[in-house]
Every structure is written in structure tokens, then in C-alpha cells.
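Feature annotations, reproduced from TrEMBL:
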- 106-163: domain 'Potassium channel' (DOMAIN)
- 200-275: domain 'Potassium channel' (DOMAIN)
- Asn101: N-linked glycosylation site (CARBOHYD)
- 27-48: transmembrane segment (TRANSMEM)
- 108-126: transmembrane segment (TRANSMEM)
- 138-160: transmembrane segment (TRANSMEM)
- 188-210: transmembrane segment (TRANSMEM)
- 222-238: transmembrane segment (TRANSMEM)
- 250-275: transmembrane segment (TRANSMEM)
Amino acid sequence: MGLEMFSLHTKVMNGMEGRMRESNMRILVGLGVAVVYLLVGAIVFVRIEYPLEKIERETYLEYQNQWRERLLQLDIDETEIDKLFINIREAALNGIWMDRNLTSDPNWTFGQAFFFAGTLISTVGYGRVSPRTEHGKLFTILYCVIGIPLTLALLSAIVARMREPSHRLRGLLNQRLGHLFTVNHIRLIHVGVVLAALLIFVFAIPAWIFSSIETEWTYLDAFYYCFVSLTTIGLGDFEPGDDPNQSFRGLYKIGATVYLMGGLCCMMLFLATLYDIPQFNLTAFFVKNDEEMRFNEDEGKYGTLDSNTVENGYYAQQ
């Protein structure tokens, strides 16, 4: 599970361990929905992606057969030809490539190592560059055991402070629109504002910057990279600064690391804001009983904000 999901759900689960009644059936239904969702995803991905993969495989086999025929004409043993293709594949997977007299930059420059360390402690983990030595793998384990909890605590503390202006915004919305909408409606509007700001300043603008710097990325590629990274999925098919000819590559990698950390804070803030709405708090749905769920729904429909909820024009932290 991603870093931000773990951070938000841990506190919720700690307060509900003794109240997990009348929810077993919901969990079973949730598991069924999850399985169906996985099946739908698998079917759609196969239908969309397999045709392109089939074409690429056929093209590769055609190229491979052409070069095999040429090398056989030079009386080179077929076993040696197979070793050649294997060696080329292994070098490419390890990020080492040479074109005539030009070679790719080392994977373990300071900028790349800084970026790699950031992807570890943020749990993004692209996987395109990884330690290959025994000492490197051991250090990665120890580094993450210490670094991930510290990073989680730090980001959670930052988000707690970011929530203050978010509460001020919700209080302002309540002052202006409270006579027209219920508490839940105000919360929905508040989530919409936070989501719009997230899309503009954390996804749209950074994606435009990345697509301007990375000449081979389209805007969709850059937006896709931002989404995959900040949701801590980290597929690794796109990574900033992969081009060996990139100007100021090390500094660029450090800047991308800063973006990841800041973006994760914004994502955690959005999720915290979203979970303020009982209907969107799926964890509570699976652990609360029916009476508690009905109480929360009625409170959102008919509840009002008293002086203990609003301080100085904005929502107090509870």
C-alpha cells in the first residue's frame, strides 16, 4: 500500500479496533468487488495492450532472424549468436549501453543516487535502477527500515500543518455558503476546490514542465508519470533524467526528488480532506456497524456548526 494510504488509515484503524461489529458481510462484499475489479482490469489491459505487444514481438523476431542469417553467413556458431543476443539484453536491462564511441552515463552518479534514495523512502520505487551488489542490497534493507518510518512521520507532520489553511478555506466556504448548503455539501465543495488545486499545481503544471524538459515525452506521458509517481505506484517506465545528454542531469534529479516529496504531501492532504466526508471514508464503512453509519449520515445531512466547531471563522482541528 502506498505511503499516504498507510498514514491516513493507521489512525482510523487504531480507533476502531473495538467496534468492528456487523461489518463482516461488508468485508466479504468488498473482497468480491475487489476480485471483479481485478478481473475487469486484466481483461481491459489484455485487449488494449496485447495487440501492440504482438506486433513488437513479431518485429523483433524478424530483426533477430535477419541478423542471425547474416552472422551465420560469416560461419559464426549459432550458440555464440544466442550468447550475443543475451549479452545485449542483459546490458540494456542494467542501463548500460554503448553506441559506437558513446556510452551512457553511470547509473550511480550523486544525482541519480539521491533520486534513488528518495524513491526508496517515499515507497515510489521505480525499479529501473537498483543495487546489484550484496552490500548494496543489505544497505537498502537497513536504509528503508529506518528511512520509511521517519519519512512517513515527517510527511504526516507536514500535512497536519497544511490542513490549517485547508480548514480556514472550509470555514470561509461555510460562512459564504452555509445558509444554502448542508455540512456534507460544504465538505464536497471543499474537496472539489482542493482537488482542482491539486490537479493544477501538482499535476498539470509539473507535467508541462517535465514535457518541456524531456524532449521524448508527450504531455500525456508527463502527466502519466506524475500520477504514477504521486500515487506511489512507481511503474518505472518513465523516469526524469534518463537521457544521458540531459543538461544539469544531477541537479535535475535532485529537483525531481523534491517534487516527489512535496507532491506526496499534497496527495496526503487531499486524501485527508476526502476522508472527512463519511460517505468517502471506505475504511469506516468496512469497520463501523450499521448504527454508527446511520448516525454519521444523519449528522452530515442535518448537522450544524456550533461555536466549538468553528473558531475565528474557520474549522478548528479536532
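Sequential numbering from 1, following the chain as shown.
Every residue, even glycine, has its Cβ placed from backbone N, Cα and C.
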How about the transmembrane segment (250-275) and the transmembrane segment (27-48): at least 3 CB pairs under 8 Å, pairs 6 or more apart in sequence, or not? no
Would you mind listing the long-range same-chain contacts of the transmembrane segment (188-210), meaning Cβ under 8 Å and 6+ residues beyond its ends? 166, 169-170, 173, 177, 181, 217, 219, 222-223, 225-227, 230, 240, 259, 263, 266-267, 269-270, 273-274, 276-277, 280
Counts by DSSP class (helix H/G/I, strand E/B, coil) across the domain 'Potassium channel' (200-275): 52 helix, 0 strand, 24 coil
Run through the domain 'Potassium channel' (106-163) and tell me, per DSSP, how many residues are helix, strand and coil. 42 helix, 0 strand, 16 coil
Over the domain 'Potassium channel' (106-163), work out the mean pLDDT and round it to an integer. 87
